[in-house]
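**Q** So that we are looking at the same thing, I have put the structure below in structure tokens.
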Amino acid sequence: METKNTKSASSLSTTTNTSDHFIIQQKKALRSKIRKDLKAMSPIQRSQEDAVIQDLVLNSSWFKSSKGLCAYISCESLREVDTSRILSEILSSDCHGQIKKKLYVPRVEDKNSHMRMLNISSIEDLIANSMNILEPAPTDVNGNQREDVMHASEPVDLLLLPGLAFDRFGQRLGRGGGYYDVFLKKYRELATQRRWKQPLLVALSYSPQIMEEGAVPVTPNDVTVDALVSPAGVIPISPAALEIM
């Protein structure tokens, strides 16, 4: 016999599933739109925006003062904001009389949203994976396991993130794999457990990727960013970002 409680639970489940399906469809449509918009950007416009965005990061006090960073390795075919100059600056920081920085970059382990951030000391530490995306080999030239940021003794200050769409509330739309959302939640939990200051989450965005407030569909599993860097400038969003940017 079905009681009122079971009817209510069933109704709530149906409503939740319908809502989730609607958000999934919204995300799919927005991803399609942004991919088309990025494809429509001319090489000259992309190159100009890459230069401005990287200059903004490299000249910022929050980047210069950082000691530990996670950063993505930009992929041309995915039309991600170029990070090559930023990575080069981080890896050569100890040679320029600057604060020595430790860099961790992503390595995708499987198709179940499992991604690790591994330490590299040179661009030569990167190899192309099956999708021709550069990532660190799990071991170095001496056969030693690379340090995983989740097992590091010191925290990272800053994470530079990719994405497909963002809004000025800090909502981020990724490519659908969930890799960054899963990783960021785990790292935030680790920082809380170790009583470390939470790292600053900064997304790099081309002009067409910034949406109006509330235009990016989200679920409770989606992690928001603290700030955006676009050709128009740095956009601090969270209280932590507003304090230092």
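Sequential numbering from 1, following the chain as shown.
Cβ from N, Cα, C; glycine included.
Annotation source TrEMBL lists ATP binding site at Lys27, Lys28, Ala29, Leu30, Arg31, Arg172, Leu173, Gly174, Arg175, Gly176, Gly177, Gly178, Tyr179, Tyr180. The substrate binding site annotation in TrEMBL covers Ile73, Glu80.
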**Q** Please identify, among the binding-site residues Lys27, Ala29, Leu173, Tyr179, the one with the smallest Cα-Cα distance to Ile73 (substrate binding site).
**A** Tyr179
**Q** I'm trying to understand the geometry here, so how far is the Cα atom of Ala29 (ATP binding site) from the Cα atom of Glu80 (substrate binding site), in Å to the nearest whole number?
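**A** Answer for this pair: 19 Å between alpha carbons.
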**Q** State the Cα to Cα distance, in Å, between Gly177 (ATP binding site) and Glu80 (substrate binding site), rounded to an integer.
**A** 16
**Q** If you count other C-beta atoms within 10 angstroms, which of the binding-site residues Ala29, Ile73, Leu173 is the most crowded?
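**A** Of the binding-site residues Ala29, Ile73, Leu173, the highest Cβ count within 10 Å belongs to Leu173.
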**Q** Measure from the CA atom of Arg175 (ATP binding site) to the CA atom of Glu80 (substrate binding site) and give the result in Å, rounded to a whole number.
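**A** With distance taken Cα to Cα, Arg175 (ATP binding site) is 11 Å from Glu80 (substrate binding site).
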**Q** Would you give the longest CA-CA distance, in whole angstrom, between residues of Lys27, Lys28, Ala29, Leu30, Arg31, Arg172, Leu173, Gly174, Arg175, Gly176, Gly177, Gly178, Tyr179, Tyr180, the set recorded as binding ATP?
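**A** Those residues reach a largest Cα separation of 20 Å.
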**Q** Per 10 Å Cβ neighbour count, which of the binding-site residues Lys27, Arg31, Arg175 ranks highest?
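**A** Counting Cβ neighbours within 10 Å, the top one is Lys27.
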**Q** If you draw a 10 Å sphere on the Cβ of Glu80 (substrate binding site), how many other Cβ atoms land inside?
**A** 21
